[in-house]
Structure formats: C-alpha cells, structure tokens
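Novice: Straight from TrEMBL, here's the annotation block:
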- 2-122: domain 'PLAT' (DOMAIN)
- Asn40: Ca(2+) 2 binding site (BINDING)
- Asp83, Ala84: Ca(2+) 1 binding site (BINDING)
- 93-656: domain 'Lipoxygenase' (DOMAIN)
- Trp107: site 'Essential for stabilizing binding to COTL1' (SITE)
- His353, His358, His533, Ile656: Fe cation binding site (BINDING)
Amino acid sequence: MANYEVTVSTGNLLYANTFNNIYIKLVGTDGESNHTWLLNISGPLAFNTGAVSSTFTLSCTNSIGKLLLIELNKHPVIVFPEDAWFPNKVEVKSPEGQTFNFPIYRWITDSEVHLYRDGKGLYYTHPLGKYSREKEWHVYEQGIPRCMKAENTESLPLEVHFSFTKTTEFLFTAAQGLIELKLDGQGDCTEKWTDMDSIYRAFCCKITDISVYVQKHWKEDEFFAYQFLNGVNPMLIRRCSAIPKNFPVTESMFPDDMIIMDLQNENIYLCDYKLLDGVEANTINGMKQYLMAPLVLLQRTPDDKLMPIAIQLKQTPGDNNPIFFPTDSEYDWLMAKIFVRSADFNFHELNIHLLRTHLLAEVFAVSLLRNVPMVHPLYKLLIPHTRYSLQINLMARNRLISKDGTFTKYTACGGEGMFTILKRSMASMTYSSLCIPDDIAERGMEAVPNYYYRDDGLKLWDIIHKFVKGILNCYYKSDADVEKDSELQKWISDIFVEGFLSNAKTGIPQGFSTVAALVKFVTMVIFTCSVQHSAVNSGQYDYGAWMPNTPISLQLPPPTTKGTTSEATMLETFPDVNVTVQGMAIMHLLSKQSTDFVPLGHYPDKHFFEKIPCKLIKEFQGDLEIQSVIIKVRNENLDVPYTYMNPTVVENSVAI
C-alpha cells in the first residue's frame with residue numbers, strides 16, 4: 001500500500017471553520033486516489049478557525065506518482081446545515097517522502113468539487129477549466145475604466161471581502177468620521193465661518209504633528225511650493241522650458257531679466273491645471289461654487305528653495321483675469337494661493353488618487369481573477385496586492401461618488417464636473433506617467449532639490465523591480481515562454497480593453513513579447529497598488545485638516561481687480577461649516593490605517609513554496625527594511641518628515 005499523509009490548514013478569519021464533512025481526492029501523474037472522507041478523532045474541530053488538522057492517512061494500492069492536483073469538496077451532515085469554509089492550504093506528504101503544497105485561500109460555500117493544483121506545479125499544464133470568468137466587467141460611466149459588476153458587498157466574491165476587523169473598524173460614512181472628530185454637531189450647519197478662531201477650534205478636535213505644522217505655516221510661500229513636491233499631489237509640477245502663451249508673464253514683471261535667465265538655467269517650474277478648465281462647478285447649500293483652472297509659476301532660488309512667483313487663476317488671459325505676484329497685497333496673494341489649493345484638492349482626488357490608484361487597482365485585480373489560475377506565478381505574485389481593493393472601490397462608488405455621496409454633495413467638482421474631470425484624466429493618461437522613472441524624466445524633475453516623493457519612489461521602484469524580475473525569471477526562461485503563456489496574454493489584453501478602453505495612445509501593452517516588458521508592467525502594478533497609493537492617500541488629513549490650506553470648495557469667484565480683498569472676503573469665500581467638517585471627516589477616514597493593515601512585502605498567505613521565490617521574498621523584505629531605516633534617518637533632519645513612502649507604513653494594496 002502507498003500511504004499519503006494529508007494535513008489541512010483552515011484560515012484565521014471569522015467563521016472560517018466548517019462543521020461539514022470534508023472529502024479529498026489526489027490526482028498524480030500515474031493515477032488517482034479514491035474520493036475519501038477526511039475523518040479523525042478531532043471530528044469537526046479538525047477544521048476549526050485557525051486550526052491545522054492532525055494528519056489524515058489516505059491509502060492507495062500503488063503510488064500515483066508526482067501529485068498534480070487535488071479535488072476538494074464538503075457535504076453537510078444531518079445535525080449541521082451547509083456552511084462556508086475558508087481553507088488556507090492542503091499539504092500532502094507522499095510515500096516517496098516528497099511534500100506537495102496546494103494553496104487555496106478562498107471560501108468554499110457549496111458542495112461542488114473544487115480542483116486545486118500543486119503550488120510548485122507547471123502552471124501551463126493541466127488546466128482546471130474556468131477560473132473566475134463569472135466575475136464580469138461593468139460600465140459604471142462611459143469614458144472611465146470598467147469595474148467589477150457588483151451592486152453591493154454581498155454580491156462580491158467572499159474571498160475579496162473585508163475581514164471582520166476591517167469591517168468593524170471601517171464604517172464608510174462621513175457621519176462616523178464626524179463622531180470620531182467630535183464634530184457631529186456641525187455636520188448640518190450651513191452657516192459661514194465668521195472668524196479664523198472658529199475654524200481653529202474645529203481643527204483642534206483632531207490634530208496630527210504635520211497638520212499642526214500646516215496650520216502654522218499655510219500662508220508661507222515656501223510651504224505652499226513645498227506641497228507641490230511632497231504633499232498629496234506630487235505629480236503635477238514640471239520643469240518649464242517656455243512660458244505658456246496663455247500665461248502672459250513678461251520680463252518686465254520681474255527684476256533684472258530674472259525669468260529669462262532662470263528659464264535658461266532650468267530653474268523655472270510650472271503647475272498647470274488646464275484639465276479643470278470649463279468644468280461645471282457644484283451647487284452646495286443653494287450656493288453656486290467656484291473651481292478655477294490655475295497656472296502657477298515657481299522658481300528655484302540660489303539657496304535651493306522652491307518659491308511661487310506668479311499665479312493666474314483662469315486659463316484664458318484677460319483684464320478680468322489678473323496675474324498675481326508675491327508683491328501684491330497680503331490678501332490678494334493669499335486668495336490666489338487659496339484658489340490654487342482648492343483646485344489642487346479636486347484635481348488630486350479624481351485624477352491622481354481615484355483614477356490612477358483605486359480604479360486602476362481594480363482593473364488589475366478583476367483581470368487577474370478572471371484570467372489567471374491560482375497556481376500561476378503571476379497570480380501568486382499579485383494577489384496580495386489586490387486585498388480589499390474591490391470592496392473599497394464598491395463602497396466608494398456607492399457612498400462617495402454616487403448621486404447622494406459625500407464627495408458629490410460637498411466638493412466643488414461634485415456632480416457632472418466629477419465625471420468630466422475623470423474622463424479628461426483618462427484620455428490624457430499614459431503608461432509612462434504610471435512608471436515613476438519615466439514620469440520623473442518626462443516632467444524634468446530629476447534635479448530639483450528636496451523632492452522626497454521622487455527620491456523614495458525611485459528607490460522603491462528599483463527594489464520592487466529587482467524582486468519582480470527575480471520571481472518572474474524563475475518561471476520565464478526566455479521571451480518565447482512569455483509569448484506562449486495564453487493566461488498571461490489574456491490578463492494584459494483584458495486590462496488594455498476594459499481598463500484603458502483599447503486606447504493605444506496610452507502606450508499600455510496589448511500583449512507581452514519579452515520578459516523585460518512583463519517585469520516592467522508587473523512592477524508598475526505593484527508600485528501603483530502600494531507605494532503610489534500611499535504617497536497620494538496617506539497624507540490627506542495631514543494637509544487637509546486645516547481647511548484654509550485645502551478648501552474642498554469655494555463659494556465666491558476669484559477677484560478680478562487687485563486691492564479688493566481682505567480677511568472678510570476670505571471668510572466669505574471659504575466653504576460653509578458643514579462642508580468644511582464633512583471634508584475633514586472624509587479625509588480623516590481615508591487616511592486612517594486599519595489594525596489588520598499588511599505592509600508592503602509581507603505575505604501572511606503563503607502562495608510560493610519553491611526555494612528560490614521564498615528566498616527572493618526574504619531579500620525583498622530585507623531591502624525594504626534598509627530603505628525604511630534610510631528614510632527614518634533622513635526625516636530626523638526635516639521640519640516636515642516625509643513618511644508616506646516608508647515601507648513600514650505603505651500598505652500592500654489599495655485597502656483604504
């Protein structure tokens with residue numbers, strides 16, 4: 001007789017256990033076992049939450065050779081109804097002494113037979129029929145990436161649901177945020193702010209070290225410019241080689257031909273919000289709101305500081321669209337910066353944050369679940385970076401950007417303007433802009449000092465790229481291996497068609513023909529879902545809690561004549577009390593880390609069992625630890641520490 005020792009591990013999720021009877025069949029190169037009931041003295045406790053079962057012995061007349069797959073199913077017993085079970089993996093030790101691991105990590109909710117392949121098996125042989133093709137694409141809005149078809153969280157596959165911990169900690173409502181911020185009494189107040197002290201009292205309900213710094217320095221030009229480099233939107237600023245024709249700044253406006261010399265010396269930078277031009281602004285509390293499309297000119301000074309030198313608030317020059325300078329009156333210049341900061345909030349939330357991290361992460365995840373089997377190396381590499389992404393996006397669609405969503409109701413671009421911005425952003429997005437080395441080069445930002453987003457991002461890109469290259473080189477020995485992998489080609493094809501709407505101008509691959517191209521794309525996917533999302537998400541409350549620094553809407557038009565503004569004008573322009581606190585609440589909620597947070601490079605679910613990939617994972621973690629130390633040492637000397645790309649606070653996936 002040939003005896004096989006079978007051990008089953010059940011997940012540590014709430015209700016992961018089962019009281020049903022579990023059956024297994026082993027399939028090998030030389031035969032298969034009988035369909036066998038896994039029964040031992042532990043009874044139902046063998047499959048309890050977090051349990052590793054005692055060993056079951058499964059006997060065959062002869063050896064069935066190298067194991068290829070297992071068939072697993074369960075049946076309810078008379079005293080217990082059918083339940084759901086979440087097995088982590090099945091381990092089988094053969095009579096020849098070999099150990100085979102079959103990763104599962106998903107819910108089994110029925111009595112059907114489910115097939116799982118050996119974690120070390122040749123992924124391109126022994127296909128198991130359908131993967132998850134029932135996960136359908138859905139058109140939420142024309143002109144933006146497709147999403148997964150699901151009306152509510154209950155209609156999502158169980159394996160992509162939040163954990164019990166995440167669910168109880170994260171109630172995706174602004175009301176919950178107002179309670180946590182002790183602002184629930186102001187959520188319905190439609191009055192205007194009457195003085196800065198009232199805004200300060202609301203701000204003091206919940207502060208962070210950086211938000212305190214923001215409150216103290218928000219009026220300063222140096223800090224205003226700093227946020228283009230290391231705030232939540234470090235993606236817009238670019239080196240300026242020629243002043244745009246619609247920004248009629250002339251040499252006479254600056255001393256000693258400064259602008260010409262600095263252009264020649266590559267010391268002038270531009271932030272252009274032209275994507276917002278003509279966007280229909282919202283109506284909030286019965287008041288028409290205002291959203292500008294500014295142009296901001298910045299200069300690198302001889303002491304390596306970045307400073308704003310000119311602001312135009314509309315795209316079309318004219319007498320009613322003055323260019324503001326630091327030499328203008330205090331409130332003229334401050335109001336110009338406030339309109340820029342409000343534009344930046346709306347631009348950032350929809351283009352940089354929602355589209356370029358959340359929506360793309362969902363595209364990558366849905367295509368993975370639809371096209372790639374669990375034992376495929378691409379699946380094993382990427383599945384940890386999809387954790388919670390489908391549910392968080394569904395909740396955002398239902399509760400943030402829906403007709404009655406918080407973002408729709410309280411931001412300047414809420415409503416039709418929101419989709420105008422998303423569609424324009426989608427139409428202008430390129431593959432190179434998603435790859436930070438290419439993006440930095442294209443924007444001419446290689447040399448600007450104190451650009452910590454660039455410094456940390458490039459280093460983390462290299463670390464991820466090294467890891468991805470090592471893993472994929474284990475499985476793809478040549479470009480031909482990539483070309484003939486049909487599952488891989490279906491994955492990228494689905495992404496191109498459904499995610500990037502078949503737009504070849506984006507530069508997104510339509511297929512892979514080389515290992516190098518595959519490595520770069522997968523690096524981009526992991527970077528987008530982890531590092532990039534952390535960079536543009538985690539600081540939202542830090543920089544937005546003090547409303548004057550990041551007003552989510554403004555309710556007076558900008559001044560058309562200089563010398564007409566004052567503190568009273570500023571207070572009249574600021575959003576109402578309820579809009580302010582709703583904005584604070586949602587930014588606090590979106591910046592809040594869950595206690596079941598999984599940092600970049602950590603893999604609680606073991607999908608790789610081969611020696612080399614396991615070694616590469618440890619090296620990856622070691623490289624991330626070193627980078628974390630480098631960032632911490634650097635931050636000790638900074639007035640405003642840049643922490644958002646420290647691997648210890650970067651989550652593996654878009655989970656918030």
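Cβ atoms here come from the backbone N, Cα and C positions, even for glycine.
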Novice: I need the nearest neighbour of Trp107 (site 'Essential for stabilizing binding to COTL1') among the binding-site residues Asp83, Ala84, His533, using C-alpha distances.
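Specialist: Answer for the nearest of the binding-site residues: Ala84.
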Novice: Mean pLDDT for the domain 'PLAT' (2-122), as a whole number?
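Specialist: Its mean pLDDT is 88.
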Novice: What subset of the binding-site residues His353, His358, His533, Ile656 lies within 10 angstroms of Ala84 (Ca(2+) 1 binding site), using C-alpha positions?
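Specialist: If one measures from the Cα of Ala84 (Ca(2+) 1 binding site), no binding-site residues come within 10 Å, so the answer is none.
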Novice: Give me the long-range Cβ neighbours of His353 (Fe cation binding site): same chain, 6+ apart, Cβ under 8 Å, in sequence order.
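Specialist: Counting only residues 6 or more apart in sequence, the Cβ neighbours of His353 (Fe cation binding site) under 8 Å are Val232, Val536, Asn537.
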Novice: Which chain neighbours of the Fe cation site, leaving out His353, His358, His533, Ile656, have a Cβ atom within 8 Å of the mean position of the site's Cβ atoms?
Specialist: Leu354, Thr357, Ala361, Ile392, Val536, Asn537, Leu590, Val654
Novice: Could you list the residues of the same chain, at least six apart in sequence, whose Cβ is under 8 A from the Cβ of Asp83 (Ca(2+) 1 binding site)?
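Specialist: Within the chain, Asp83 (Ca(2+) 1 binding site) has Cβ neighbours under 8 Å at Tyr15, Thr18, Phe19, Asn20, Pro76.
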Novice: Give the number of CB atoms, excluding that of His533 (Fe cation binding site) itself, located within 10 Å of its CB.
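Specialist: Its Cβ shell of radius 10 Å holds 25 other Cβ atoms.
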Novice: For the binding-site residues listed here (Ala84, Ile656), which one has the lowest count of neighbouring CB atoms within 10 Å of its own CB?
Specialist: Ala84
Novice: Using a 10 Å cut-off, grab the number of neighbouring Cβ atoms around the Cβ of Trp107 (site 'Essential for stabilizing binding to COTL1'), all chains included.
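Specialist: Its Cβ has 19 other Cβ atoms within 10 Å.
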Novice: What same-chain residues, at least 6 away in sequence, bring their CB to under 8 Å of the CB of His358 (Fe cation binding site)?
Specialist: Ser389, Ile392, Asn393, Ala396, His533, Val654
